[in-house]
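Annotated disulfide bond per Swiss-Prot: 118-202, 180-187, 296-375, 318-371, 322-369, 331-353, 333-345, in sequence order, evidence recorded as similarity to another entry. Positions annotated as N-linked glycosylation site by Swiss-Prot: 191, 243, 341, 376. Summarising the annotation, Swiss-Prot assigns region 'Disordered' to 500-531. Residues or ranges marked as topological domain 'Cytoplasmic' in Swiss-Prot (evidence: a curator's inference): 1-68, 460-539. Residues annotated as topological domain 'Extracellular' in Swiss-Prot, with a curator's inference given as evidence: 90-438. Here Swiss-Prot flags 69-89, 439-459 as transmembrane segment.
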């Protein structure tokens with residue numbers, strides 16, 4: 001007969017709770033043994049930190065007046081450090097700089113600069129033809145020879161060529177130059193190169209950078225000395241004022257390097273007739289700081305293909321290129337002194353469009369033609385002095401020599417003497433007065449003075465913040481699931497062999513057909529099949 005033994009075990013809810021707690025504690029201890037250690041609390045971190053005063057203010061121990069005073073001292077020191085750090089940062093962000101001057105030792109030979117000169121009068125009156133006067137009427141203010149202001153009927157003037165007009169009607173150096181000497185050697189007009197500027201046809205001495213003339217000594221007599229006749233009788237009469245009308249007499253001079261084009265209408269200085277002008281020069285090599293200390297143009301930016309027509313970048317070349325682009329965009333042509341191969345503007349466009357365009361361009365940092373200074377620049381410092389010429393004796397001599405009267409000599413002749421004061425160059429270099437290394441040094445000193453900290457102390461604090469934050473994130477991500485529990489207990493079904501091994505009471509049932517019945521009540525299974533007998537065992 002098959003026997004099924006069912007043992008119903010019911011636990012009280014009060015008995016189950018301690019067991020669940022014991023199991024939970026065992027699981028927690030097991031997880032703690034297997035998982036990472038819990039992060040240190042603030043008191044433990046403060047007691048081991050290298051930040052001075054933090055352990056006494058926040059470390060383990062009783063709270064009292066002493067700890068409060070330490071906390072106040074720590075906060076005061078921290079506030080003082082932050083104030084000093086902010087002051088240092090503000091000083092660093094102003095990017096202060098200083099200029100260091102270093103006079104170089106005298107050199108046996110120094111390269112002589114380029115000297116550009118222009119007669120202030122642009123057109124010679126005697127060289128102007130009727131067609132020139134007609135085309136240049138708005139530019140010069142001269143009226144056409146026809147009283148009605150128009151050319152004669154049937155007379156056709158050729159189209160004007162501004163380059164030809166300037167080249168033909170400008171003052172010729174061969175006529176102006178009366179004497180020329182360089183370092184004791186004779187020179188002539190062939191040693192000058194023609195260059196066009198806002199003053200028209202001009203001339204540059206020592207213009208070729210590949211064959212620059214050397215100066216072997218300093219002082220007068222070792223540079224360029226020229227005598228010029230400015231030809232005032234060729235100056236245009238003034239009938240009415242225009243933008244090109246000039247009331248001066250003399251020449252404009254600019255001393256510059258060979259790599260820099262002349263920008264003489266703004267950078268030149270005037271030399272008057274009736275005087276001998278002495279220009280003492282000194283070479284100056286300037287080094288400027290790039291961003292963020294200054295606005296100079298670094299070497300890496302100088303080789304851009306935007307300054308076509310010039311071998312090197314310079315402020316003058318940049319300005320001329322910018323002016324050309326503006327005139328070309330508005331007037332669809334360029335002026336004679338501007339680089340390029342575009343069409344030259346006719347005279348009427350000069351006065352109607354080009355001059356107005358140039359006047360509208362700003363030269364400041366906010367204008368469309370802002371040109372930064374190169375970070376490495378060579379310029380020539382000048383000291384100018386003059387004496388009156390000629391004296392009475394030389395006036396009569398020069399009048400006889402050049403077949404002029406003394407009044408003409410006094411009104412037209414001038415002498416220009418350009419020389420090196422000494423064969424030394426002066427180096428001026430901008431240097432950062434407060435750099436990053438100085439800022440870090442000052443911050444480290446203030447940090448050590450007020451809070452006794454260092455870079456490693458900051459790393460300790462960051463490491464502690466990371467440790468605490470990472471532990472909080474892991475707790476959020478790995479929340480344990482709540483186990484399902486029944487409120488009444490549970491029923492466990494055991495097999496016969498398990499029940500016999502675990503039960504303290506012996507079996508009391510008999511097989512089918514036995515004589516004695518079980519001592520347990522309800523020994524007949526109500527759900528058993530007919531003809532079968534089930535016996536219950538209770539423990």
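A Cβ is built for glycine as well, from the same backbone N, Cα and C atoms used for every other residue.
These figures come from a predicted structure and were not determined experimentally.
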Using a 10 Å cut-off between Cα atoms, which of these disulfide-bonded residues sit near residue 322 (disulfide bond): 202, 331, 333, 371?
371
Quick one: among the disulfide-bonded residues 202, 345, 369, 371, which has the most Cβ atoms sitting within 10 Å of its own Cβ?
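Neighbour-count leader: 202.
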Please report the distance from the Cα of residue 202 (disulfide bond) to the Cα of residue 191 (N-linked glycosylation site), rounded to the nearest angstrom.
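The Cα atom of residue 202 (disulfide bond) is 13 Å away from the Cα atom of residue 191 (N-linked glycosylation site).
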Between residue 187 (disulfide bond) and residue 318 (disulfide bond), what is the CA-CA distance rounded to a whole number of Å?
32
To the nearest whole angstrom, state the Cα distance for the pair residue 345 (disulfide bond) and residue 353 (disulfide bond).
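Residue 345 (disulfide bond) to residue 353 (disulfide bond), Cα-Cα distance: 9 Å.
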With DSSP assignments reduced to helix, strand and coil, which class does residue 118 (disulfide bond) get?
strand
Nearest of the recorded positions to residue 331 (disulfide bond) by CA-CA distance, picking from 180, 191, 318, 371, 376?
318
Just jot down the residues in the same chain as residue 296 (disulfide bond), at least 6 apart in sequence, with C-beta under 8 A of its C-beta; none if empty.
288, 289, 290, 372, 373, 374, 375
What whole-number Å value do you get for the CA-CA distance of residue 180 (disulfide bond) and residue 341 (N-linked glycosylation site)?
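Here the two Cα atoms are 34 Å apart.
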Please name the residue among the disulfide-bonded residues 118, 322 whose C-beta has the most neighbouring C-beta atoms within 10 angstroms.
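Result of the Cβ crowding comparison: 118.
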Report the nearest neighbour of residue 341 (N-linked glycosylation site) in space among the recorded positions 333, 371, 376, comparing Cα positions.
333
Do you know the mean pLDDT across the topological domain 'Cytoplasmic' (460-539)?
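Within the topological domain 'Cytoplasmic' (460-539), the model's average pLDDT equals 56.
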Any idea what the Cα distance is from residue 118 (disulfide bond) over to residue 191 (N-linked glycosylation site), rounded to a whole Å?
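With the alpha carbons as reference points, the distance is 15 Å.
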Within 10 Å of residue 318 (disulfide bond), Cα to Cα, which of the recorded positions 191, 333, 353, 369, 376 are there?
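Among 191, 333, 353, 369, 376, the ones whose Cα sits within 10 Å of that of residue 318 (disulfide bond) are 369.
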Cβ-Cβ under 8 Å from residue 353 (disulfide bond), same chain, 6 or more residues apart: which ones?
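When sequence neighbours closer than 6 are ignored, residue 353 (disulfide bond) has 327, 330, 331, 345 within Cβ distance under 8 Å.
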By a simple count of other Cβ atoms within 10 Å, which of 191, 341, 376, the glycosylation sites in the record, is least packed?
341
